[in-house]
Every structure is written in structure tokens, then in C-alpha cells.
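Peer 1: Sharing the features that TrEMBL gives for it:
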type	residues	note
BINDING	B:Gly152, B:Val153, B:Ser154, B:Arg155, B:Cys156, B:Gly157, B:Lys158, B:Thr159	ADP binding site
Number of protein chains: 2
Amino acid sequence: MKRTAFFISDGTGITAETLGQSLLAQFENISFTKLTRPYIDTVEKARAMVQQINNAAVSDGARPIIFDTIVNREIRAILDQSNGFMIDIFSTFLSPLEQELCAESSYSVGKSHSMMHNANYMQRIEAVNFALENDDGARTQHYDKADLILVGVSRCGKTPTCLYMALQFGIRAANYPLTEEDMERLQLPASLKAQKNKLFGLTIDPDRLSAIRHERRPNSRYASFAQCEFEVREVESLFRRENLPSINSTHFSVEEIAAKILVEKGVERRLK
Amino acid sequence: MKRTAFFISDGTGITAETLGQSLLAQFENISFTKLTRPYIDTVEKARAMVQQINNAAVSDGARPIIFDTIVNREIRAILDQSNGFMIDIFSTFLSPLEQELCAESSYSVGKSHSMMHNANYMQRIEAVNFALENDDGARTQHYDKADLILVGVSRCGKTPTCLYMALQFGIRAANYPLTEEDMERLQLPASLKAQKNKLFGLTIDPDRLSAIRHERRPNSRYASFAQCEFEVREVESLFRRENLPSINSTHFSVEEIAAKILVEKGVERRLK
């Protein structure tokens, strides 16, 4: 069975997309073609959208599922006439919220709003710069300014996790790759020891690590299963010895790893 | 007026947080204390959560707003007994979706699911690596593998936008900083000309650029308003001359810039 799903908004479409993805993921046996259509903010674009929805309805032989966060009433009225099954996110929740908060929403007065907040923007940019400049152990002298420092073997997922936390939450996360030298010394380097309360370990299954490393350096010693197994074993034993909290990244997405780290370390989001 | 809002989940909390943020943003005159509480997945954590909600109700003198995506019924039943105003996202939308799709959701059978998809994971990691390795004009020989190449003056927001598109959508985006030399030649460098259909221009208001550059190199010529104004004027005229699509990043968030670029270039998300 195949169905098309549209995430439609007159803004970025992030809310419609995030909620829609999350709801559709609950139907594991249905295969969805998912299409995000942001900035549907004119009558012309809305009419073209209706056409696209109706075409999908014909070719699927079933009506598409529409998740929308359209604020403009005229646009919404046009979309309502498509052959889709509409899930109107804002209208569902805003009226109970208005009652509870005893306040009118900008939605009900038909006014869209921008997500831009100057303070948040600078916070995120600085967090991204921090992650980039303190990536891969490049510098260790700014760890005092870090919210978190991820440690683990090369290619276990430290960099994407740091960047995600920077962009999504404004968290300043550095990362340090534990090298064979660190492992042989059987201890944390001094630069990390001084910031022990910020450390969080990432680990990974050796076969997965080997697969990832083979993508980078095919058939190298670096990518060999034996080497990966050795490094992972040493690092995990270092984590245990130093009593560092850690997580095995193998079966988790970047979002899941980031969320788990923040919970475990009790670090709150910096974006408002 | 002050209210506390909780985004609660037995998973990452991303859906509850994204939807909750987006709904609360519609109430511009109310100041919310927003707290994300992921992985509330045991009876003990749920009970502690209820306590935290009830404490906030007392100190605010108003009941907190709860956005939740709890799948486990036992946990939900505990949270239902708090003094919060519950917006239960999954239960609101899943039953109409089940009817429309003639299928049971994992939610209604009480089974949580992971967001992990192996193919998506590799796609994102590769996109992040691509963005990092092709950041800031570091290399230009892999532009044939890029989905997009952002061009603009130094510090106009290219890097965070590329990283966001990589992490969020699995898009491979490179970026190239237009230098004074490129401007004086009044033309695009050869490496960019060969990939003209992938280019997208970012521009920025000179005063904003100057403020951002002052954070990096205070009181430098690089950060001076005159220099920023000169560079922006030259780059904008280059965009016009070369007929490049472009966007002024000054008043938009990273999400908004990314969404606008994908729409304009007709690039679809690579993550499923």
C-alpha cells in the first residue's frame, strides 16, 4: 500500500514536517511518499498545490494525507478544497490554548510571525563556531567555555552530535578523539581531566565502526574490524575506569543521542 | 503574565518541543518558561515529572501547559493526574489517521519505535562530512558531488546554513566565500562557473555583517562598516550580473533560509 503525504505551510514547514513524520512513523506497514511544501503563501501557489494533491490522489488511488500549518485563511480555504485528508495542526490546538491562556493567538488574528530572534541567532552561530573550532581535539584550551565535551574513538559520531546540539539547542559542545596514544597511557589526557564534569563518552559497536571507517578509508588498518574492536574495548574500559557517563551510538539517531546526553548531564537548552 | 510550558515525551521530545514552540509563538504577549523533558519512560520519572509540574503550577499561580507525545499508557495515566493543561499530541491525531489509513498505529498497540534508519544515518553523516570538507572554499574539486553551493561574503551565514541542511535534510551543500579578489575581477571564479546551476547567493545588511564580524575581530578593517558595505554592494551586483538567485539572511533564521533555498532551487530532502 502506498500513500502520499504532504507537509504544507506558509512558513518553513518544519512544524508540519516534524509532527507529520512522527505520526506517520507510527504506521510501520504503510509506505509513504513524503513531500514538504513550505512557503505556500499566495493564492497561485495554493491553487498549484491543490492540483498537485489531486494528481497524487489519482495516481495513488487514495487521498493524500495533508499536515498543514497555514495561518492565512484565504490560503487555507483553497487547500480545503483539495482531495486530501487534512490534518490542520494550528486550528486543532490553538483554540483550546486560547481559552486556557485567555488570549488571542496571532493565528486567530490571521497574522503570521517570523521565527527570528536576534539573541537566539547569535547564540546558535556562536555555538556552531564553537563546535567547529573545538572539533576533533583541534584545540583544547577553550574547554572552560564548553557546555559539554564528547569523547570517543574516531568516527563514532561525535562531530554530527556536537553540530546538532549547537544548531538545535545553542549548546557549546567540543569533542576530543581518543587516540591510540591516550589508550596506551590508559588515562585521560590532562586537558580533559581538568574538565571531567563536562565529559560524555560515545561508544559504538566495532562492526558498525568498521563499516563507517571503510567508507572513509577502504581496506585500511584503521578500518579493520580488529583495530576497531581493540579501540572500542580500550575506550569502554577507560570510560568505566574514569566513571564517565557514556552511550553506545550504534542504534540511535543523532537526535536521540543528543537528547540522551542532555538529560544525563542535566544540561538545559540555551535557545529560548 | 508568566506561564511554564513542558514538552514531555518518552522519546526525544523533538515533536512535542517543535509543535509546542510553534504554538506558543502565536501568543506574543505571554512569556513562557519552556522546559523539554525527554525520555520520561518509567513510572518513577513520570511521578517526579508530576511533582515538577505541580510545583510550577504553585509558583506561577497558573497551571502549566503540557505538550506530550507519550506512547506508554501507564506513563500517560500518571501524567494525566498532574495539575497541568494537557495537549496530548498523539492521541489527538492518531485515531483519525488510523481510520483514514485503515491501519492500527504502533501508538495504539502501545509500542514505541526508534527514529533510527540506517540509510538515513549514513546519508546525514556523509552530508555533514561533505559540508565540513567543502566549507569556506576549502576545496573546490568536489563541487560536482554537491547538491548546492552557497556563495557570499565572509560571515553572512553560509556555514550554519550548510550544516543545518546536512543534518536536517541530508543535503550536500558546499560553500564558497567571495573574496575581495573575486569581487575585483568582477566575476565568478572558474570553479563556481562550472557549477552555476547549483549556486545560491547569500547576502546580508552591512550593519548586521559588521556587528557579526566585530564579535570575531573587534575593531578590525574586516569588521568596519565601510568594508562590509563595500563587500555587500559588490557581491550583490555580482549576483545580479550573473543572474544568481539570492536571499538576504538578515531577518531570517537558519531554518527559514534553508527552507527558502530548497524551495527556490527545487531541491527535495534526501532523508526518508
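Each residue, glycine too, has its Cβ placed from N, Cα and C.
What you are looking at is a predicted structure, and each value in this text was computed from that prediction instead of being measured.
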Peer 1: I'd like to know which of these binding-site residues, B:Val153, B:Cys156, is least surrounded, judged by other CB atoms within 10 A.
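Peer 2: Per-residue Cβ counts within 10 Å for the binding-site residues B:Val153, B:Cys156 bottom out at B:Val153.
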Peer 1: According to DSSP, does B:Ser154 (ADP binding site) fall in a helix, a strand, or coil?
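Peer 2: DSSP assigns B:Ser154 (ADP binding site) to coil.
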Peer 1: Starting from the ADP site formed by B:Gly152, B:Val153, B:Ser154, B:Arg155, B:Cys156, B:Gly157, B:Lys158, B:Thr159, give every other residue of that chain whose CB sits within 8 Å of the mean position of their CB atoms, in sequence order.
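Peer 2: So the additional residues around the site are B:Asn175, B:Pro177, B:Leu202, B:Ile204.
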Peer 1: Cβ distance under 8 Å to B:Gly152 (ADP binding site), same chain, sequence separation 6 or more: which residues?
Peer 2: B:Lys158, B:Asn175, B:Pro177, B:Leu178, B:Gly201, B:Leu202, B:Thr203, B:Ile204, B:Val235, B:Ser246
Peer 1: Provide the list of binding-site residues among B:Val153, B:Ser154, B:Arg155, B:Cys156, B:Lys158 whose C-beta sits under 8 Å from chain A at the C-beta level, in sequence order; use 'none' for an empty result.
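Peer 2: Among the binding-site residues B:Val153, B:Ser154, B:Arg155, B:Cys156, B:Lys158, not one has a Cβ sitting under 8 Å from a Cβ of chain A.
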Peer 1: Within 10 Å of its Cβ, which one of these binding-site residues (B:Ser154, B:Thr159) has the largest number of other Cβ atoms?
Peer 2: B:Thr159
Peer 1: Give the number of CB atoms, excluding that of B:Lys158 (ADP binding site) itself, located within 10 Å of its CB.
Peer 2: 28
Peer 1: Going by a 10 angstroms cut-off between Cβ atoms, which of the binding-site residues B:Arg155, B:Gly157 has the sparsest surroundings?
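Peer 2: Lowest Cβ count within 10 Å among the binding-site residues (B:Arg155, B:Gly157) is B:Arg155.
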